[in-house]
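Feature annotations, reproduced from TrEMBL:
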- L106, T107, F134, P135, S136, D137, D219, H222, Y244, W275, N303: pyridoxal 5'-phosphate binding site (BINDING)
- K245: N6-(pyridoxal phosphate)lysine (MOD_RES)
Amino acid sequence: MFDLNEAEALYLDETDPVASNRSKFLIPPAPSGDGEAAYLAGNSLGLQPRRTRIDLEAELDDWATYGVGGHTKPRKPWVSYHEGLRDPAARLVGALPAETVVMNTLTVNLHLMMVSFYKPTAERYRILIEDGTFPSDSYAVRSQAEFHGYDPDDAVLRVKPREGEAVVRTEDVLDLIEREGDSIALIMLGAVNYYTGELMDIPTITAAGRAAGIVVGWDLAHAVGNVELRMHDWNVDWAAWCSYKYLNSGPGAVAGAFVHQRHLADASLVKFSGWWSTNAATRFEMKPELDPVHTADAWQLSNPPIMAMAPVETSLKIFDEVGMPALRQRSLRLTGYLEKALGVALADVPARVITPQDAERRGAQLSVQIIGADAEHVSTRMRDEYGVFTDARQPDVIRFAPAPLYCTFHDCWRAARALHEVLNSAG
Ligand SMILES: *Cc1c(COP(=O)(O)O)cnc(C)c1O
């Protein structure tokens, strides 16, 4: 029997000091037929805000009305559309507006950052990543090493958890920096690991890397909109993130990048350039040579994709309305409750939560490893029979993400109950 009081979850929802913003979102129907889904897959693809369609339609209407005149239309002219996203994005990552730009997709931005910030020399040419990094990041750094003529198996250094442990210890990253630092040109780690949900100690690792003469960049894909970030104050060299996970901006949404102020006027930094890299004031003089700008805009290439950017703007407004400190407080309570509920669900099952127990070392995600289970099969049954969306990672891990904007305590209760029922019944 699943022995956790449903009424308690409902009570927690009624009394939570930070109200849910669930009504601002379109919650998918439960495939099982019972009402709304319990959507704990927002770390994979966040849900659609109700306003998104309205804001997107406004741009479609402007296109219909103005045609090419849309570039300079009175309301949100397209030529400078990205500027409207800069301040709210900067607030989310703890950056100055000049350090922030919304552009491209995440892996593209990782490459553009590495064009400027991976400058290998004969002695210092390696890139440090976490062994369990998202594959795109691994492919990106390996291809950068190859691009510069190095053997990626030698040039890419991977920090691993200890034998029998699931997450990387900060002290092991620091040890590696101490031992191998002289050969490392770039550290590029995931701020929150997509698989384990571990939140890295960004300020400590950044400080140690920089003290060892290494450029330090962070992939914020699973951190932005999830945990509080201080990219500027933590002296991070650069960062990049996507907008379709906790940022709810839609599949393949336009991503972002951060470049620390100290690099913005550095003329020695090589960048790949396009017509949106140049000074906006002189752009349409159409000169063959670039007029440099000293903001993160200098890393842009192309004119902004308006239909892909409108949903980002809609989403960032919601974060401004709620604010990350309040959202994080709600997130800590939700994830704490989910941890307790999963403990009840897994009482008789050989399973463990591989996400750190310390709430300061994780965001809104718990990854459960179920020994011997087919995670995909369990996750599919939870969705089809109980209306609970989670995310399976082969072979045996299921990720639960109670995104604090729209998930409720009752969603967490439903998720734990569904897991319990599926694991204790044949199917
Ligand atoms: C989601 C994710 C990506 C995806 O990159 P795209 O280029 O936006 O498809 C890359 N890296 C990490 C760490 C991610 O979590």
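Positions of Cβ are set from backbone N, Cα and C atoms, glycine also.
Positions of TrEMBL features highlighted on the structure.
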residue: L106; record: pyridoxal 5'-phosphate binding site; CB count, 10 Å: 26
residue: F134; record: pyridoxal 5'-phosphate binding site; CB count, 10 Å: 19
residue: S136; record: pyridoxal 5'-phosphate binding site; CB count, 10 Å: 16
residue: D219; record: pyridoxal 5'-phosphate binding site; CB count, 10 Å: 30
residue: Y244; record: pyridoxal 5'-phosphate binding site; CB count, 10 Å: 23
residue: K245; record: N6-(pyridoxal phosphate)lysine; CB count, 10 Å: 27
residue: N303; record: pyridoxal 5'-phosphate binding site; CB count, 10 Å: 15
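Mapped onto three states, the DSSP output places L106 (pyridoxal 5'-phosphate binding site) in helix.
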